[in-house]
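Enquirer: Handing you this structure, nothing more for now.
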Amino acid sequence: MSFIEEFQANIEALPNHLQRKYALLRDLDKSLQGVQTQNEQRCDKEIEDMIQRIKAGNVTPDSSLIKFSDDALDEQKHAIRIADEKVALASQAYDLVDAHIQQLDQYLKKFDEDLRRERDTAVVTGAPATTVENNVKSGRSGEGKGGRKKTRLATAAAATATAATPSGMDLDLPVDPNEPTYCFCNQVSYGEMVACDNPNCKIEWFHYGCVGLKEQPKGKWFCADCAGTQKKRKGK
């Protein structure tokens with residue numbers, strides 16, 4: 001079995017693994033919301049009861065009795081445990097996707113090295129090199145400058161997490177320092193991205209939100225820097 005066939009077999013099982021983890025995340029999030037709501041109601045009632053006891057003179061403001069009940073404190077500890085489980089599950093999902101990304105990056109790197117070796121051999125022997133579009137770059141999902149797709153999805157990690165994570169969850173997950181960055185914001189790929197049609201564009205790929213796009217542009221599209229260069233050339 002070749003590397004790409006092995007990778008394809010592994011990647012086919014990834015959605016099911018992620019689906020199970022995100023289903024657990026949703027269940028934990030629902031449970032956490034229930035515990036938080038119950039605890040807020042309990043604490044509000046205990047605070048109101050304490051205020052009434054202070055007004056009645058039964059308890060002094062500096063009394064050691066002014067504290068939440070053990071039930072309220074236990075609920076808060078339970079909520080923290082659930083939150084910790086959510087973070088652990090999210091980290092596991094990230095690691096799953098990241099492992100596949102690194103595996104693909106290794107293949108792309110090897111593929112690029114094979115292409116260079118083939119060209120070098122062709123130059124030495126004088127034989128024509130096999131015609132292969134040089135459109136594979138590590139971490140770039142295979143789109144090159146020539147004939148590249150107009151849009152691309154971000155890495156599986158960001159795209160899947162965005163779609164499957166319950167709304168309102170802000171997961172501060174680690175980012176691979178070796179993952180390439182794009183756009184004016186100099187961030188890793190996520191969501192949908194658009195490619196500048198200037199073949200000499202220094203950045204190439206841009207996040208929709210960073211360039212004010214909501215859908216795929218029609219016709220050729222240039223980033224702000226390249227659009228300015230195009231106008232200057234036409235003005236001469």
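Using the three backbone atoms N, Cα and C, a Cβ is placed for every residue, glycine included.
So TrEMBL says this about it:
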- 180-229: domain 'PHD-type' (DOMAIN)
- TYR182: site 'Histone H3K4me3 binding' (SITE)
- CYS183, CYS185, HIS207, CYS210: Zn(2+) 1 binding site (BINDING)
- MET193: site 'Histone H3K4me3 binding' (SITE)
- CYS196, CYS201, CYS223, CYS226: Zn(2+) 2 binding site (BINDING)
- ASP197: site 'Histone H3K4me3 binding' (SITE)
- TRP205: site 'Histone H3K4me3 binding' (SITE)
Enquirer: Taking the domain 'PHD-type' (180-229) alone, what is its mean pLDDT?
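Expert: The answer is 88, the mean pLDDT of the model over that range.
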Enquirer: When you rank MET193, ASP197, CYS201, CYS223, CYS226 by Cα distance to TYR182 (site 'Histone H3K4me3 binding'), which of the recorded positions ends up on top as the closest?
Expert: MET193
Enquirer: Going by Cα-Cα distance, pick out whichever of the recorded positions CYS185, MET193, ASP197, CYS210 is nearest to CYS226 (Zn(2+) 2 binding site).
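Expert: So, spelling it out, the nearest of the recorded positions is ASP197.
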Enquirer: To the nearest whole angstrom, what is the C-alpha distance linking CYS201 (Zn(2+) 2 binding site) and CYS210 (Zn(2+) 1 binding site)?
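Expert: It is 16 Å, counting Cα to Cα.
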Enquirer: Show which residues of the chain containing CYS210 (Zn(2+) 1 binding site), separated from it by at least 6 in sequence, have their CB under 8 Å from its CB.
Expert: CYS183, PHE184, CYS185
Enquirer: Starting from the Cβ centroid of CYS196, CYS201, CYS223, CYS226, which together make up the recorded Zn(2+) 2 site, report each further residue of the same chain whose Cβ lies within 8 Å of that point, ordered by sequence.
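Expert: The answer, listed by sequence position, is ASP197, ASN198, LYS202, ILE203, GLU204, PHE206, PHE222, ALA224, ASP225, ALA227.
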Enquirer: At a 10 Å cut-off from the C-beta of TYR182 (site 'Histone H3K4me3 binding'), count the other C-beta atoms across all protein chains.
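Expert: TYR182 (site 'Histone H3K4me3 binding') is surrounded by 21 other Cβ atoms within 10 Å.
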